[in-house]
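Notes follow once the structure below has been shown.
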Amino acid sequence: MKNWVVILVSIILLILDNSLMPFLAIRGAFPSLLFIFAISYSLVKGGTEAVIVGAFSGILQDIFFYNGMGINSLSNLLLCVLAAFVGENIFKNKRLIPVLTMFIVSIIKVGVVYIFIKVNGNDINIRMALLSSVYNAIVLFFGYNFVLKLCDKEYKKSSWRFR
């Protein structure tokens with residue numbers, strides 16, 4: 001996929017994250033569409049593209065994260081690389097492993113951000129952050145096919161030939 005499409009989708013998702021998603025909050029928790037896209041894109045594409053989308057999505061998130069510049073860049077980068085590693089060993093057209101990966105990766109990110117914020121003397125609502133991890137996994141369940149189509153790979157096609 002062309003890099004400009006990924007950049008455009010990332011910027012649109014960032015805008016939706018900061019404008020629309022707070023209105024869809026459940027008990028104060030809402031999903032991060034940009035993070036979901038970055039992880040699912042990394043699962044499908046892997047490798048170098050995971051590093052690029054991880055770093056770019058983290059930088060975009062850091063623009064709006066006033067308590068710790070750089071924490072999203074670093075955590076998204078590392079978690080996208082982890083997702084790419086997981087993505088190398090799964091069937092791309094199945095949703096179960098990507099959804100579980102999203103949930104686990106979201107919990108790891110919550111932990112990293114929580115530790116970083118605690119070290120800086122601030123506090124976050126950990127229950128709300130963990131609820132966001134569940135919300136991320138649910139949104140990925142419904143949005144994973146979008147990423148597969150966006151990546152335009154042959155992962156969704158089954159090549160059954162009866163002669």
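Including glycine, each Cβ sits where the backbone N, Cα and C put it.
Owing to the predicted nature of the structure, the values given are computational and were not obtained by experimental measurement.
According to TrEMBL, the protein has these features:
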TRANSMEM  6-26  transmembrane segment
TRANSMEM  33-57  transmembrane segment
TRANSMEM  63-85  transmembrane segment
TRANSMEM  97-117  transmembrane segment
TRANSMEM  129-148  transmembrane segment
Let me spell it out: take the transmembrane segment (97-117), skip the flanking residues so only those 6+ beyond its ends count, and list any with a Cβ under 8 Å from a Cβ in it. 35-36, 39-40, 43, 67-68, 71-72, 75-76, 79, 82-83, 86-87, 90-91, 123-124, 126, 129-130, 132-134, 136-137, 140-141, 144
Intrachain neighbours beyond the transmembrane segment (6-26), with Cβ under 8 angstroms and 6 or more residues off its ends: 32-34, 37-38, 41, 49, 52-53, 56-57, 60-61, 63-64, 131, 135, 150
